[in-house]
Every structure is written in C-alpha cells, then in structure tokens.
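Engineer: Under the heading domain 'UmuC', TrEMBL lists 7-191. Here TrEMBL flags Asp11, Asp105 as Mg(2+) binding site. Among the features that TrEMBL reports, site 'Substrate discrimination' is placed at Phe16. According to TrEMBL, the active site annotation covers Glu106.
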Amino acid sequence: MRREASVLHLDLDAFFAAVEQRDKPSLRGRPVVVGGVGGRGVVATASYEARVFGVRSAMSTREARARCPHAAFLSGRFHAYRTASRQVMAVLRDLSPLVEPLSLDEAFVDLAAADLPDLGVETVTAVARDLRAAVQEATGGLTATVGVATSKFMAKIASDLDKPDGLTVVAPGTEQDLLRPMPVAVIPGVGPATAERLRASGFRTVADLEQASEAEVVRLLGKAHGHGLHRLAHGLDDRPVVAEREAKSISVEDTYAEDVTDRTTMEGLLTRQAATVARRLAKARQSGRTVTIKVRLHDFTTSSRSQTLDAPTDHPQVIARTARALLGEVDTTGGVRLLGVGVSGLADWIQESLFGDEHDEEEPLTELPLAETSRRPAWAPGADVVHSEHGPGWVWGSGRGVVTVRFETAETGPGPVRSFAVDDPALVLLDPGRHEESDDSPADNPSP
Ligand code: TTP
Ligand code: MG
Ligand code: MG
C-alpha cells in the first residue's frame, strides 16, 4: 500500500458491445449482445441496455434471447476490438511508461512513474478525468471507468464502483471504510467456492474477515491462500505495477520426411504439438495469449497464421482448437512438409495470483465465444461488408439464400437496410476472420 493514491485501474465499459455500437449507429442506445450466435453460443458481453433485461457475460445465448428478444445479437469482430485496445493502451502509455495490461480492455497504470507535479487526490482526480476523455477521443467514443487508489487491489475495486463511464478516487486512509461492508467475493482469489466456504463459517463481509485472526483464516483456507486473503482483508497489497515484458514465445515444429497431404492427419499433428507447447508452458509457469501456427508447403513457401485470445491460456485443448482452426486458413492441398505451433504474448500468470499453489479458483479462462468460429456462418451477424454500389455496411442477418445488410458506419447516421442474394458478386464480406497475418513466426528459427 502506498502513501498516495497513485495506482490507476481502467476498464472499458461493455467493451465488445460498445465497439459495435460505435461502428453501427443504428444500435446506439439499444440492447446489443455480442457472442456466439449459434445453438450452443455463449454471451461474451452485453450493452448496458441489454443488461437491464438480465443479460450477462457467460450466459447462454439461448437464455439471453429469452430475456431480451429484441436485442441485436452479433457474433463479434475481434480485429476491431484489438484495434480499439491498442488505441487505449497507447493513451495509457502516453500518461505513464508503467502500464500493465490485464486484458484487452483493462490495465493498471502507475501514476508514480508519470510526470505529475504531485500525487495528491486533487491532482490524480484531474489526471483520471483527462485520461477518460483522452480514451474517448482516441477510440472514437468508447467510455471507460477508472479507479485510483493506493494499491492495485483497491484501484481495481474502485474502477468497478461507478460503472459505466465513471471515476472513483479512494483517498489514502479511507480504504477500510470502503472495503468493510463489501462481500468477501470482492477480494481477488475468492471465487464462488471460497466465498461459500467462508460464508459457512460466518464470514460474509470483508469486515468479518478483517476481525478474524490470520490463524483462523489459514485454518479455513490453507496457508498460502489464507495468508494472502487475510492481508487483503486489511487492504494490504504491495504488488507493483509491472510493464508488459517483451513478448516471448514457446513453440515446437516438426519437419516431415514425406509431405503430409491428409487434413485429418495434419490436425492430429497440430493437436499433438499443442499438447507439447502446453506442457512446456505449464512447466515454465507461463501462459500466452497468441496462438500461432507455421506451415511450410511442399514447395517450401512458408506461412504463419495467428490468433490472439482474450485471456492467456496454457490449456492444451484451447491451443489445439485454435491451431486447427487456423489451419483452415491455409491452402494445404499440395501437402505440407513442416508444421509448427507456438504461443506468444507470454505472461507470468502465476504472478497475478497472490496465493501461490493453493489458489483454488483460477481466473475463469475467457474462452471467447468468438473462437467457435470454425462453425461460424460466412455471413455472421455484425460482420463488415462492402457493396460496390451502396458502400460499407454490416450483416444484419442471413438465411434462405438472402443476406440483409445495413449500410452505415461509425461516421454516418443510422443507415438503410437492403437485402441481396448471398451469391451477389457486388457484395463482399470484409475481414471474415478473427485471425490475421502475424508479424512474427512462432518458431525459434526464422523461416526462409
Ligand atoms: P469485461 O471488462 O469483463 O466486461 P465488459 O467490458 O464487456 O463490461 P464492463 O462494463 O462490465 O467492464 O470484459 C471485456 C470484454 O471481454 C468483454 O466486452 C467481452 C470479453 N469477455 C468475454 O469474451 N467473455 C467473458 O466471459 C467476459 C467476462 C468478457
Ligand atoms: Mg470492461
Ligand atoms: Mg475488463
């Protein structure tokens, strides 16, 4: 805990949905749900207008449709979210060299490393206000909620207090007043199972925990977890803001004696490589956000494809599934002589955990509903299109050989809707994938 409120936490509001509303003027002020639109789809996020109806992240899309049938259900445009995320992180780095991104829409900023005249409450409040405006400006209208406090723990709690589009500065010395009445679940590492165990022993609020002795909490939850939790209940948190370290990668590749031509075999090989990468990640106690495959064809042309997930993973199935989906982007009809799988954008995920090995509830792995995309329909609702005559628009819906498009962009007002035959050559689907060419090869040695 610092003497001054110099840790800032920023989180964008209804991030994916807000990007969609920005780019689709007819959806502004309306319920929007982004996620898997198929039968077993899951909600990634919902606009605040949809949350009024009880739609939440991780809810099945079926349930969301039942609760809010008039919402726009979109399958998501990862490239747009990634671009917006980069813009936001750039704004944060303008303010301070010490920025620690936690996910696409969230980061800590160390204001002590910024060039500020002082770190008094008035100054940091003004800085945070300007920062929110700068984020809005840089992203074309996305709003963020910000918390500023004397520690990461408190800053993160503070950034959740005034959502959406808000700001909370916790004055030094007032932390416990704020924390005490809150449920124990606000403490990082306290998931539903731990919360239930605590509740069963009579600990409902942070105040309840604060009054307990450390020994008591340790007896209940084990040494590492109990100790960390007891400290946090007293607002004690000295974790530094750590700038993102240089991207490293863990990868494997194999060259085959004979060209592999069978697609199922290729997928099997990638799956095996993914398992090896996952094992190495686990051993290094790391996880990464970007999965890359490398493919060398029979004629020695080499290409890489990569996808960045919303959260770091070291999960063999997630890596394998992503790798197999990426293979779908490469024309392998002539056969391949080399395949490789890598994971980069590594984070010491362990480090975020305060509780060492006894940490029993992992951060939920944000398995992007978007990643269901191998089954994603070509005319995914929400996808960008351009028509040679009507210009840019987005897929409003499709079926029975017809695709309906709304012609509008972030810069226009709400636009008109028109329908076309799915094979109309004048209508082109833009950026159909969530993946894009990667800049760097997954392999340790550069490709020719
Ligand atoms: P969050 O910051 O948790 O949520 P949010 O920005 O949509 O809404 P809030 O205003 O409450 O911050 O997550 C950021 C994005 O990550 C979210 O827009 C979509 C994605 N996401 C998933 O894909 N699956 C999930 O389960 C969650 C929680 C988020
Ligand atoms: Mg958010
Ligand atoms: Mg977030």
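Backbone N, Cα and C define each Cβ position, glycine as well.
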Engineer: Which of the three DSSP states, helix, strand or coil, fits Phe16 (site 'Substrate discrimination')?
Structural biologist: helix
Engineer: By a 10 A CB contact count over all chains shown, which of the recorded positions listed here is most packed: Phe16, Asp105?
Structural biologist: Phe16
Engineer: How many other Cβ atoms sit within 10 Å of the Cβ of Glu106 (active site)?
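Structural biologist: Other Cβ atoms found within 10 Å: 18.
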Engineer: Same-chain residues six or more away whose CB lies under 8 A from the CB of Asp11 (Mg(2+) binding site)?
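Structural biologist: Non-local contacts for Asp11 (Mg(2+) binding site): Asp105, Glu106, Ala144, Thr145, Ser159, Asp160, Lys163.
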Engineer: Among Asp11, Phe16, Asp105, please name the recorded positions whose Cβ is nearer than 6 Å to ligand 2.
Structural biologist: Asp11, Asp105
Engineer: Helix, strand or coil for Asp105 (Mg(2+) binding site)? Use DSSP.
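Structural biologist: The three-state answer is coil.
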Engineer: If you average pLDDT over the domain 'UmuC' (7-191), what do you get?
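Structural biologist: The answer is 95, the mean pLDDT of the model over that range.
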